[in-house]
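Feature annotations, courtesy of TrEMBL:
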| type | residues | note |
| --- | --- | --- |
| ACT_SITE | D83 | active site |
| ACT_SITE | D371 | active site |
| DOMAIN | 65-479 | domain 'Peptidase A1' |
| REGION | 500-523 | region 'Disordered' |
| SIGNAL | 1-17 | signal peptide |
Amino acid sequence: MRLNSVALLSLVATALATTAPFKIDFEVRRGSSKDDLSPDDDSNPRFVKRDGSLDMTLTNKQTFYMATLKIGSNEDENRVLVDTGSSDLWVMSHDLKCVSAPSSKRHERSFGHGTGVKLNERELLQKRKNLYQPSKTIETDEEKDSSDKIHNKIFGFGSVYSTIYITEGPGAYSTFSPFVGTEGGSNGSGGSNTCTSYGSFNTENSDTFKENNTYPFQIQYADDTSAIGIWGYDDVVISNVTVKDLSFAIANETSSDVGVLGIGLPGLEVTSQYGHTYQNLPLKLKADGIIAKSLYSLYLNSADAKAGSILFGAIDHAKYQGDLVTVKMMRTYSQISYPVRIQVPVSKIDVEGSSGSTTNILASTTGAVLDTGSTLSYVFSDTLESLGKALNGQYSRSVGAYIVNCNLADSSKTVDIEFGGNKTIKVPVSDLVLQAGRSTCILGVMLQSSSSSYMLFGDNILRSAYIVYNLDDYEVSLAQVSYTDKESIEVIGASGITNSSGTGTTSSSGSRTSGSSTSTSTRHSAGSIIAKPMYELLLSLLVAYCVLV
């Protein structure tokens, strides 16, 4: 039986219309001073470009992934931080007012909090007001003097463990903005509008911009930065793909030095407090048929690597080993039936002590937010104290962290974190150690406020896992990372990850102990299901046509 040409053309058109992933490739740079971060001293990044994919040019400051967007008919270029801990896109107005942030902002950012998690109204009233008070910790005058020196080095400009992720591409550029927080130039030198140094948007020059007649935009983050402005929608170009009528905010006043592209859950959108959510970028990509699922996978690569990636609408099976296990996100609030944050249950944290025995330092199952906007990680006081003791560390009130032996930077020990009761990610202790001086090191796991209902895992933990964020089904899939340049990409269809269903525990995070409801799953092995590239499908159709005609 022959296929007629119309039917064949229809098949080809369908194949061409099939959704494909787009990949964010980023280069990683680290430095202790402005000179170290100069683009002249860095090697050119290596990009992998494929048909049907979308490359987003990124820069990461501490653990922020910076994408370049072109907004409106005037295509104003804006570089914004990609953040899983918030859900709104906002950019700078061309004539905005830069204001100073509280002094604590500088400390929070230097300690890796970054933009981090967007705070809701309730949490803004419960901001941390006291430092950790560990038991059995006594400092001599000599130790205090030493701690003050470490404190100044850590909190000062150019902290030794700042992480900068940079990518270059057509039209991309590299800039650096020190966290000074002066009037007239937020987080930069005074007297200049440095909070627009990463770009701004002039609404009056765009013929396609439409302002919403809604509540004003207002947001505050865990690092005390904030922004206020208006809502609207316009066309946004990401590489060669145009997202039509994307909703975003334009800040008229901010204490931040860069806008934010929040790609978290809709429940964390600023508008949710008024009973309304909208399609942020991941959801709009799906609605417009650019990807089939509001899903993206994160590969940070090793601590000393020069490249990593975020892949939207697909999974790279080469980037993990063993099984990819899916864990249901936890309900954030008991009165809301769906998750608001990307938060998953952690059932156990095993660490090897000095005696060689392994101990679970987590008292009960606790929710953890997986946040690309945080360099470091934050746990509760009992867990932090147990971890510090297991590593023979001593807590310093002045520094606000555990001081540990620098030999741990070369240790083969791991901290084993179990998610959902059946998936363990091994985190090298060496990734958790930060050099704070020639012979002084600190533990890169900090205190989470007792008023919080969740722990927070940042870059130094997340880099040990390959993570797939599924916003449609409120799921996170995790596997032990495999550091490699190889690729084996599967485009995820509307049905989700094949052969992998939810596993783990769902509960309200108002209590650290999870509920008992669970769901079972089969495990998805690395590389077991690989989608055929589009060119293979088209080639097959053409061959069939030649044979049948």
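Even glycines carry a Cβ here, placed using N, Cα and C.
Because TrEMBL annotations are produced automatically, they should be read as predictions rather than curated entries.
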Sorry to bug you, but what's the C-alpha spacing from D83 (active site) to D371 (active site), rounded to the closest Å? 7
Averaged across the domain 'Peptidase A1' (65-479), what pLDDT does the model get? Just tell me the whole number, please. 80
D83, D371: which of these active-site residues has the highest Cβ count within 10 Å of its own Cβ? D371
For D83 (active site), the three-state class that DSSP assigns: strand
